[in-house]
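Engineer: Okay, so Swiss-Prot annotates it like this:
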type	residues	note
ACT_SITE	SER82	active site, nucleophile
ACT_SITE	ASP207	active site
ACT_SITE	HIS235	active site
BINDING	TRP22, SER82, MET83, PHE143, LEU144, ALA145, LEU146, GLN147, HIS235	substrate binding site
DOMAIN	16-241	domain 'AB hydrolase-1'
Amino acid sequence: MKQLYWNICGEGDCDLVLLHGWGLNAGVWHCIIDRLTPHFRLHLVDLPGYGRSTEFGAMSLSEMAEIVLQQAPQQAIWLGWSMGGLVASQIALSHPERVRGLITVSSSPCFTAHDEWPGIRPEVLAGFQQQLSEDFQRTVERFLALQTLGTESARQDARLLKAVVLQHQMPEVAVLTGGLDILRTADLREELADCSLPFLRIYGYLDGLVPRKVAALLNSQWPHTQSVVMPGSAHAPFVSHPEAFSQLVVDFAQQSNT
């Protein structure tokens, strides 16, 4: 049976699963691990087809969620960044009994722009898919650079993300294309409106992929959820502002436990 790569660490009583974004792997969390391990038992996974979980091919959002659940703790707080936020949200919808709380980071229930809904223009995602087949390493690097654009530490943060990707074998083009398909087609807005779990949404003020307008729109549509827009950060707030980010996660876990 194929197995995902998992790394479990930490001294806390509360299980926290961290799901990375498109093109990356669990190494992306290294700048917050030391801040979180005193409070949590961390479960760091390479999503199917990424990092050290290379035996898997492209798959749908629901398929990815089911595979991740197979080796996950029975109940945990789930934190998903970017595409990982969609996976965590899908798990909260399909298996709410496994979820103590949901945190999405620089994520959107619908990444693609529609009428009166801010997001990535469909032609931009289509362009990335086309470029993947021509020069996939350069395309991944361009996508990573977009994630840190505008922050004071943009170049340093982009180098860090690139180093995380290059730590391991690059994902197959089919896996990367499948991930972009998820970003292009997923729309969980209506389903998540009925989610009654403790739910925190974290955004970066300077994020060029998930506009901060999404936070305000969902505040009115999902009044049962909390949101924080982190000033000075872009698409990877845990990289640019690890201390403030980690504190948000710890505070949310404590609230969810009361």
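A Cβ is built for glycine as well, from the same backbone N, Cα and C atoms used for every other residue.
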Engineer: Would you mind sorting out which of TRP22, SER82, LEU146, ASP207 (the recorded positions) have a C-alpha within 10 A of the one on HIS235 (active site)?
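Structural biologist: Checking each Cα against HIS235 (active site), the hits are SER82, LEU146, ASP207.
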Engineer: Cβ-Cβ under 8 Å from LEU146 (substrate binding site), same chain, 6 or more residues apart: which ones?
Structural biologist: GLY208, LEU209, HIS235
Engineer: Across all chains shown, how many C-beta atoms besides its own are within 10 angstroms of the C-beta of LEU144 (substrate binding site)?
Structural biologist: 23
Engineer: If you pair up every Cα among TRP22, SER82, MET83, PHE143, LEU144, ALA145, LEU146, GLN147, HIS235, the residues annotated as binding substrate, what's the maximum separation in angstrom, rounded to an integer?
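Structural biologist: About 16 Å separates the two most distant Cα atoms.
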Engineer: Look up MET83 (substrate binding site) in the DSSP assignment and report helix, strand or coil.
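Structural biologist: Reduced to three states, the DSSP call for MET83 (substrate binding site) is helix.
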Engineer: On the 0 to 100 pLDDT scale, where does the domain 'AB hydrolase-1' (16-241) sit on average?
Structural biologist: 94
Engineer: Within 10 Å of the Cβ of MET83 (substrate binding site), how many other Cβ atoms can you find? Include all protein chains, please.
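Structural biologist: For MET83 (substrate binding site), the count of other Cβ atoms within 10 Å is 25.
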Engineer: Return only the integer: C-alpha distance in Å from SER82 (active site, nucleophile) to ASP207 (active site).
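Structural biologist: Cα-Cα, rounded: 11 Å.
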